[in-house]
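The FAD binding site feature in TrEMBL is assigned to A64, E85, L93, V129, W414, G421, V422, I423. Look at TrEMBL and you will find Q204, G205, N206, V207, R248, R249, E260, G421 tagged as NADP(+) binding site. The compositional bias 'Low complexity' annotation in TrEMBL covers 14-45. The domain 'FAD/NAD(P)-binding' annotation in TrEMBL covers 55-215. Annotated region 'Disordered' per TrEMBL: 14-49, in sequence order.
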Amino acid sequence: MFRTRGLLKRTSLTTKTIHTSTNTTTTTNTNSTTVPSSTNTNSTTRGRKASKVPHVCIIGSGPAGFYTAQQILKSHASARVDMYERLPVPFGLVRYGVAPDHPEVKNCINTFTQTASNPRFSFLGNVSVGVDGDSVIPLTQLRSAYHAVVMSYGSSRDRTLNIPGECLPNVVSARRLVGWYNGLPEDTDLDVDLGVESVVVVGQGNVAVDVARILLTPLDALRKTDIPEAVLNRLSESRVRRVTLVGRRGPQHVAFTIKELREMIKLPGCQPHLNPHHYTHLRDIIPGLPRPRKRLLELLAKTGLDPANLNNLATAQRTWSLSFLRSPIQVLANEHQAVTGIKLAINRLEGEPGRERAVTNTETEVMECGLVLRSIGYQGVSIHPSIPFNDNTATIQHIDSRVMGLEGMYVSGWIGTGPVGVILSTMTSGFSTGKAVVADMDSGRLDISEDKPGQDYIRDLLAQKGVRAVSFNEWSTLNRHEETEGARLGKPREKVTSISAMLKLMNH
C-alpha cells in the first residue's frame, strides 16, 4: 500500500494549508479533567516561561507517528514522547499494509526501531484511545496528562460503492484482503472464497494492483514472503485465473505507478490481456506529460500495442486485464447468493484535457466474475466528538498540522491529509508536524510551564481498567519469536496473527 515511488508533493511549512469544510462535527472543548501534577522538577528556559519537561503523546504507531516522534526528539533536548497503539505491535501499515513481496519498503522499520531506543521515548501498545469505555483511555484524559497530543492513527475505514449487491458474500474490501494476507488480527478470519476463476477489482491504484498481483503470483514465490502459513494454505487452493481491474476513466488516468505495472508485466506464468484500441491515443498524449507520467504511459502503451514483445505468452496460465470507462452499478448473484458478475455503466469523458471527468451513459454491460474486490480508497474516522472532523474528506480539520480550535492538539499523516502519497510523503508530514510542535514550545504558543504527568497518570488509569500496556522491549520479544519461526520455514518471519497469542508470547 505504501510505496517508495510516486511521491506526491505537500505544501511547505511556510504556506498555511487550511483543511476545513462546512460539513463537520461540532467542536466542544472537553479538556477539563484534573490530573495530578508530575513530580518531575527538571526545567529549561525554552519558551516565554521557565518550563518543565514537555510531555508529548502520539496516537498511532505507523510511519507518520514515528517520523513525528523522531523530529520532536531530535529538535527538543528534553521533550518526552509516549506513543499509544491499539494493537500490541508497532509500525501500522508498514507491518500490515505494505505488500509482502515488497520487503525493501519495510526497511524504514530500522529507523523507527532506532527512534524507539531513545530513552525519552516510550511505546504503549495494546491501548485504545477514544470515548471512555471499559478498556479505552478517553482522549480528554490524554489531553490533561500531556502538553501536546498528536493524532496519527491513519485512515482505517473503506470507501464504499453504495450499489445493490455490495453486501453479498464474496464482495470484499481490498483493504481487508490486504490485512488478511499480511496477518492483521482483525482480518484473520476473513470470509473470502478463492474457488473462483474470475475476479474483478474495482479501482486502478497501487492497492488494486497489489491484490491482483498476490492473487496471480505463483505460490512458490509467495512462500518466500512473510505471508502467514494459514493464508498460504488458503492461497494454495485458489482457482483464480483471471483478474480485471476496472476504472471509471481512461488509461491516461490510471493511479498505479510504473513499478507496479512493471511487476505485473513480468509476473511469472501470467500475461496481460489488453485491448490495443484503448491505448492508441496515448501516443498523442505522452509527449507533453511530466517525465514520471510519461514513462508510465509509455510502458502501458507499449504493453497494450506490442504484446508480441512480452515474455510468458506461451506458458502463461493466468491473465490480467484493465477495463476503462466503466462504473459499477450492481453486483449480480444467483439464487444461492453466490456472486456471478458485476453490472457496469459505460462512461464517456467530458472536460478539457487533464481535467476530464467520467459521465455515465445509459448503456451497460455485465462482466462475469465470482469475486469482487473494492479498492476505491480509505477514509479516516473521528475518535472523539470534540474533534473538528471534516465529514466530506474524512480528515481532521487543521491549519499547518494544528487542530483547529483545540490548543495543544496536532495531526500527522493520513488522518490530516487523507490517504494519499507514499512513505516518503508521510515522512514529510510527520517531520512537519514534529517541527510545528517544537516551534510552538519554543515560541510559547504551547504552554509547557505547567507540570504534566504523562504516561504515569495514564498507566494508573489502565491499571484501573485492567489493561496492561505492551512495551517496545516486549514487542522485541515477539519480533524475535516471529523471525525465528520464519527462519525455520525459509521466510523473513512467521507473523503471530492472534492478539491473545501475542500477549502470551510477551508474558502478559
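Glycine is no exception: its Cβ is also placed from the backbone N, Cα and C atoms.
TrEMBL annotations: computationally assigned, not manually curated.
Within 10 Å of the C-beta of I423 (FAD binding site) we count 23 further C-beta atoms, all protein chains included. Counting in whole angstrom, N206 (NADP(+) binding site) lies 10 from V422 (FAD binding site) by their C-alpha atoms. The Cα of L93 (FAD binding site) lies closest to that of V207, out of the binding-site residues G205, V207, R249, E260. The Cα atom of A64 (FAD binding site) lies nearest to that of V207, taking the binding-site residues Q204, V207, R248, E260 as the candidates. Put simply, I423 (FAD binding site) is 16 Å from G205 (NADP(+) binding site) when counted between their Cα atoms. Around R249 (NADP(+) binding site), taking its Cβ as the centre, 18 other Cβ atoms fall within 10 Å, counting all chains. Between the alpha carbons (Cα) of R249 (NADP(+) binding site) and V129 (FAD binding site) lies a span of roughly 40 Å.
Among the record's FAD binders, A64, E85, L93, V129, W414, G421, V422, I423, no two C-alpha atoms are more than 26 Å apart, and one pair sits at exactly that spread.
Confidence over the domain 'FAD/NAD(P)-binding' (55-215), given as mean pLDDT on the 0 to 100 scale, stands at 96.
A sphere of 10 angstroms centred on the C-beta of V129 (FAD binding site) encloses 22 other C-beta atoms. Here the CA atom of R248 (NADP(+) binding site) lies 23 Å from the CA atom of V422 (FAD binding site).
In this structure, the C-alpha atom of R248 (NADP(+) binding site) lies 27 angstrom from that of I423 (FAD binding site). The Cβ neighbour count for N206 (NADP(+) binding site), using a 10 Å radius and every protein chain shown, is 20. Cα to Cα, Q204 (NADP(+) binding site) and I423 (FAD binding site) are separated by 19 Å. The least crowded of the binding-site residues L93, E260, V422, judged by other CB atoms within 10 A of its own CB, is V422.
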